[in-house]
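J.: One structure, pasted below without further comment.
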């Protein structure tokens with residue numbers, strides 16, 4: 001399929017050497033090695049979650065010291081294929097001007113007909129405007145989520161992180177700025193906005209696409225790969241700092257400016273234009289009414305450290321036997337699905353201590369994975385109940401929460417809690433806070449028995465339970481974007497807190 005040309009590896013065009021487009025060169029060792037390299041990298045990127053579900057892509061120029069980079073041949077991975085199963089023969093060979101010189105042969109069903117990467121026009125912009133040697137398009141979860149934290153932001157900014165040094169032209173003290181462009185229904189429609197971002201940010205070596213992924217380029221495949229690893233590390237770090245209430249964009253990475261719940265929510269309930277339409281408020285806990293650090297650094301470790309003691313002390317009680325039955329059913333399902341950390345629970349014949357040891361191993365694995373499952377949350381609630389009863393635990397809420405609850409209560413607005421923690425755990429927390437018992441301001445509690453917090457049907461169920469005429473009469477307050485999307489789809493009004501999720 002290659003165009004006819006000279007048989008040498010390079011030909012002179014207007015006095016400048018360019019890669020030959022002859023069949024011999026297209027089938028030469030440098031081209032074959034680059035094809036194999038793309039296959040290897042895609043398999044590695046698949047394990048990292050960058051190119052799963054046939055998404056993502058990679059392109060590399062065939063390096064030749066005798067040929068200027070703008071005139072080197074381009075190899076691209078195909079579109080719509082299982083990236084981890086690609087072989088060198090699946091790659092496309094593209095001329096420096098963008099025309100296809102070689103396309104792979106069709107494969108039998110169920111494989112789709114070969115198609116060059118949908119990213120090709122965007123890859124070509126990076127080659128043309130940045131003289132890149134390779135470009136990686138990743139669908140890594142970190143690159144997607146980091147664009148959602150502030151839906152209005154046009155840039156991702158971070159500083160004073162060691163891995164910034166892995167980004168071309170940047171040092172530890174520099175501020176790394178990555179432009180964010182809006183996603184479109186079709187990849188090729190991003191070309192214009194990507195080119196505009198490349199032009200507007202001359203120091204950038206990447207462009208984020210909101211709710212989608214990232215394009216990263218470098219002088220060579222090594223440079224592009226190294227930077228891709230650093231970018232994903234920095235995005236992951238930013239997300240985790242954000243979850244801890246820390247500002248990744250400042251040198252000190254201190255607490256995010258705390259726009260108080262009562263000030264923000266109070267403006268909603270006291271505003272005459274808004275107040276009459278809100279009959280109910282539903283509050284998330286972790287990151288909304290209560291610091292994430294209290295859950296991660298106090299409650300979770302307490303449950304983890306005391307699960308064995310609790311099971312041993314209460315083993316024969318009806319409550320604990322019910323917990324064990326739930327855990328047994330969950331572990332059986334986990335084993336069938338190959339969930340990491342799941343271990344078989346022996347029968348009662350093996351003895352109490354053997355059963356408890358297996359339960360502890362499974363519970364610790366569930367806690368480590370932060371699983372939002374009823375079996376775990378119910379047991380944790382019972383463990384925490386002992387902790388609160390023994391004055392070993394005290395619930396923590398943000399300083400402005402009591403005032404906000406009191407104001408809403410005085411206005412006749414019903415307030416409910418919806419958390420992945422069990423209803424028992426919720427009652428314990430709000431009944432034993434650093435501000436005393438706040439349950440007098442709350443009308444009820446919902447947990448995962450009503451449904452997952454990221455599923456729309458859960459919010460329909462809650463709307464039915466609280467007795468409103470329409471979901472829009474409910475204000476749902478959260479710091480988690482995916483929960484907000486689910487609630488919004490159900491018709492709820494939303495307040496996505498700036499404490500952890502700035503608007």
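Glycine is no exception: its Cβ is also placed from the backbone N, Cα and C atoms.
TrEMBL lists 1-247 with the feature region 'Methylthioribulose-1-phosphate dehydratase'. The domain 'Class II aldolase/adducin N-terminal' annotation in TrEMBL covers 36-239. The feature substrate 1 binding site is assigned by TrEMBL to 119. TrEMBL lists 137, 139, 212 with the feature Zn(2+) binding site. The annotation active site, proton donor/acceptor is assigned in TrEMBL to 162. Per TrEMBL, region 'Enolase-phosphatase E1' is recorded for 281-503. Per TrEMBL, the feature Mg(2+) binding site maps to 284, 286, 479. According to TrEMBL, the substrate 2 binding site annotation covers 419, 420, 453.
Could you place the listed features in the three-dimensional structure?
T.: In the predicted model, the region 'Methylthioribulose-1-phosphate dehydratase' (1-247) shows an average pLDDT of 89.
Shown in sequence order, 57, 59, 76, 79, 135, 137, 187, 215 are the residues of the chain, 6+ apart in sequence, with a C-beta less than 8 angstroms from the C-beta of residue 119 (substrate 1 binding site).
Residue 212 (Zn(2+) binding site) counts 20 other C-beta atoms within 10 Å of its own C-beta, drawing on all protein chains shown.
For residue 162 (active site, proton donor/acceptor), the number of other Cβ atoms no farther than 10 Å from its own Cβ, over all displayed protein chains, is 11.
Within the same chain, residues at least 6 positions away in sequence whose Cβ sits under 8 Å from that of residue 286 (Mg(2+) binding site) are 292, 295, 419, 420, 421, 479.
A sphere of 10 angstroms centred on the C-beta of residue 420 (substrate 2 binding site) encloses 22 other C-beta atoms.
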J.: Around the substrate 2 site formed by 419, 420, 453, which additional residues qualify by having Cβ within 8 Å of the site's Cβ center?
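T.: Near the substrate 2 site, beyond 419, 420, 453, sit 284, 285, 286, 372, 418, 421, 447, 448, 483.
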J.: Might you list, by sequence position, any residue in that chain lying six or more from residue 284 (Mg(2+) binding site) with a Cβ less than 8 Å away from its Cβ?
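T.: Listed in sequence order: 418, 419, 453, 476, 477, 478, 479, 480, 483.
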J.: Pop the Cα-Cα gap between residue 162 (active site, proton donor/acceptor) and residue 212 (Zn(2+) binding site) into the table, whole Å please.
T.: 26
J.: Taking the center of the Cβ atoms of 137, 139, 212 at the recorded Zn(2+) site, which other residues in this chain have a Cβ no more than 8 Å from that point?
T.: 55, 56, 138, 140, 143, 144, 209, 213, 214, 215
J.: In sequence order, which residues at least six apart in the same chain have a CB under 8 Å from the CB of residue 139 (Zn(2+) binding site)?
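T.: Listed in sequence order: 49, 50, 51, 52, 53, 55, 56, 212, 213.
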